[in-house]
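Visitor: I'd like to ask some things about the structure below.
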Amino acid sequence: MSSRLSYVNVDDPNFYEFIDEKYSKYKIPPKQKTFKQFCFPSKYEFQIPQQFLAEYINPKTPYKGLLIYHRIGAGKTCTAIKIAENFKNKSKIMIVVPASLKGNFRSELRSLCADDHYLTSKERSELKILHPSSDEYKSIIKVSDDRIDKYYTIYSYNKFVDLIKQNKINLTNTLLIIDEVHNMISETGTYYESLYETIHSAPDNMRLVIMTATPIFDKPNEIALTMNLLVRNKQLPVGPDFVSTFMDIRYNSKGPVYHVKNMDLFKEFVKGYVSYYRGAPPYVFPKSELFFVRTKMSDLQKTVYQKITGKEVKQTKVRDYVNENISNNFFIGTRMISNIVYPNEKVGLKGYNSLTDEDLTIAKIREYSPKFLKILRKIKRCNGTVFVYSNFKEYGGIRVFARLLEFHRFKNYEFNGSGPRRFAIWSGDQDPIYKEEVKAVFNNKDNEFGSKIKVILGSSSIKEGVSFLRVQEVHIMEPYWNFSRMEQIIGRAIRFCSHKDVELDRQLVKVYIYLAVHPDIKMSIDERMMKMALDKKMINSAFEKALKEAAIDCELFKNANVYPGEQDIQCEQ
């Protein structure tokens, strides 16, 4: 116990001073590594934040829990492993991740992040030359998995929550690590309730590490729910109490106007429970340009839009859109019509079935979907690969756009294999092996100009854990009511070192977000959705800034978190 006496409690007035002094060797210097050192490293090295956190959450320290708010290129998974490796002979290690990322966590344990503990250097060399379907390859992976399973229990969210409900999760003397924790946060969701109760009924010798690059995905109140998993004695207010404590809302003729308040109080609540690291510096990502493409509705679109919106207005009453729950059916007909109107003026399958090949000519599509026409023309002109996204997988977006591409002499990769003018659809109901194949073909250097697959068409299943390389253009067919979703989509194409091996003038991604506008209406549904997203982004950014300033490592990592020309972070003292 004596070693713990030399540590300062998180609510001690001198806590930040203690951290800065005790861990001063982890202060990131002003001079950063170069683009080449980041993207073409000559040897494997741990990043400074990974080293610091493995020292901070450690069997010899008293610190029980932490939110690791680290962004893209920070190596969050390896950070978790570096922390866990210090506990593996002393505690149980339980990992909870989205089902789609379970394999990714095991791969990271097989990497140099965990040294040669779960895969020897000889085995690593053999895997590089063996085919993944071969018996030898599978045998090496099986042996490696057995080594991992001796120390790590890895659950998907669903499995973990099922076991909680069956009373089969025992967190005594456990290090619990939850990745992409924002997926489990919701006032009304069953995941959160089960998670909260299990964590708060766990014995004092449990430690909790939760990780996310987006601590507020939709509503500001999510950060209170997240932090309340970590803090035992001073819970943040939630729901309407959170709003009244930390936000001012005024209403004028244009709708609500939002401001934050009591940020010092908010920082007091989260003090000692947040680590913030921006991740890789801006110069290792491709540059990006964002364009809002305001597309005037056709006469037919205007007529159908007014008819549908008249019905939907009666069903939809959302006043405070930053804090209220919004259903996926929010103005769904109006939103689909803003993308495409069908010849029989119906929406959904009935509308789609009325669309014939003659309706896909340039002259006709100009009347049915000015948006689609603009996207089609940009794809044809683009000298490289393109990622097209819609929230609508079927009749208001991807499915019908695929038909348009086929009519204009593009071919579906699934049925025609690779070649020029190919597109591939990426959706949740496809075989994971097929998606891996698409990604491998698309991301190969020899596809830089789209000679194998030019266009990826994606819907909401593409949000997490997917990287596309060397993309030149991203087209988002319609806005969504939170900007995190749009940033997540854009982030599929703007990746850490994703354009490292292309010419300098091609290290740029042009991002287009399409808004259908109605000349006789002050604000169309697309414009309204965009305003909602930007208002939320502004208010959420204020809470995120407070998290950054209250982070335990604010001073240590400041040189890597703020770059010239950016808004400064004032670290708490």
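Glycine too: its Cβ is placed from the backbone N, Cα and C atoms.
Keep in mind it's a predicted model, so treat the numbers as computed, not measured.
Residues or ranges marked as domain 'Helicase ATP-binding' in Swiss-Prot: 57-233. As annotated by Swiss-Prot, ATP binding site applies to H70, R71, I72, G73, A74, G75, K76, T77, with the evidence given as sequence analysis. According to Swiss-Prot, the feature motif 'DEAH box' maps to 179-182. Residues or ranges marked as domain 'Helicase C-terminal' by Swiss-Prot: 374-551.
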Visitor: Determine the mean pLDDT over the domain 'Helicase C-terminal' (374-551), rounding to the nearest whole number.
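Guide: Mean pLDDT for the domain 'Helicase C-terminal' (374-551): 93.
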Visitor: Tell me the Cβ contacts of G73 (ATP binding site) under 8 Å, same chain only and six or more apart in sequence, or just say none.
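Guide: The answer is G279, A280, V284, F285, F496.
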Visitor: Among all chains shown, work out which of the binding-site residues I72, A74 has the most CB atoms within 10 A of its CB.
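Guide: That would be A74, with the most Cβ atoms nearby.
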Visitor: Using other CB atoms within 10 angstroms as the count, which residue among the binding-site residues H70, R71 scores least?
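Guide: With the binding-site residues H70, R71, fewest surrounding Cβ atoms within 10 Å: R71.
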Visitor: Which sequence positions outside the motif 'DEAH box' (179-182), separated from its termini by at least 6 residues, show Cβ-Cβ distances below 8 Å to it?
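Guide: Counting only partners 6 or more residues beyond its ends, the motif 'DEAH box' (179-182) has Cβ contacts under 8 Å with 67, 76-77, 80, 95-98, 101, 105, 210-212, 214-217, 222, 226, 229, 464.
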Visitor: Which residues in the same chain, at least 6 apart in sequence, have a Cβ under 8 Å from the Cβ of K76 (ATP binding site)?
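Guide: When sequence neighbours closer than 6 are ignored, K76 (ATP binding site) has I68, H70, D179, M211, A213 within Cβ distance under 8 Å.
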Visitor: Could you give me three numbers for the motif 'DEAH box' (179-182), the DSSP helix, strand and coil residue counts?
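Guide: Computed counts for the motif 'DEAH box' (179-182) are 2 helix, 0 strand, 2 coil.
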Visitor: Measuring CB to CB from T77 (ATP binding site), give everything in the same chain under 8 Å that is also at least six residues away in sequence.
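Guide: Looking at Cβ-Cβ distances below 8 Å from T77 (ATP binding site), excluding near sequence neighbours, one finds N104, F105, E108, C113, D179.
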Visitor: Note down the number of other Cβ atoms within 10 Å of the Cβ of G75 (ATP binding site), including every protein chain shown.
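Guide: Looking across every protein chain shown, the total is 21.
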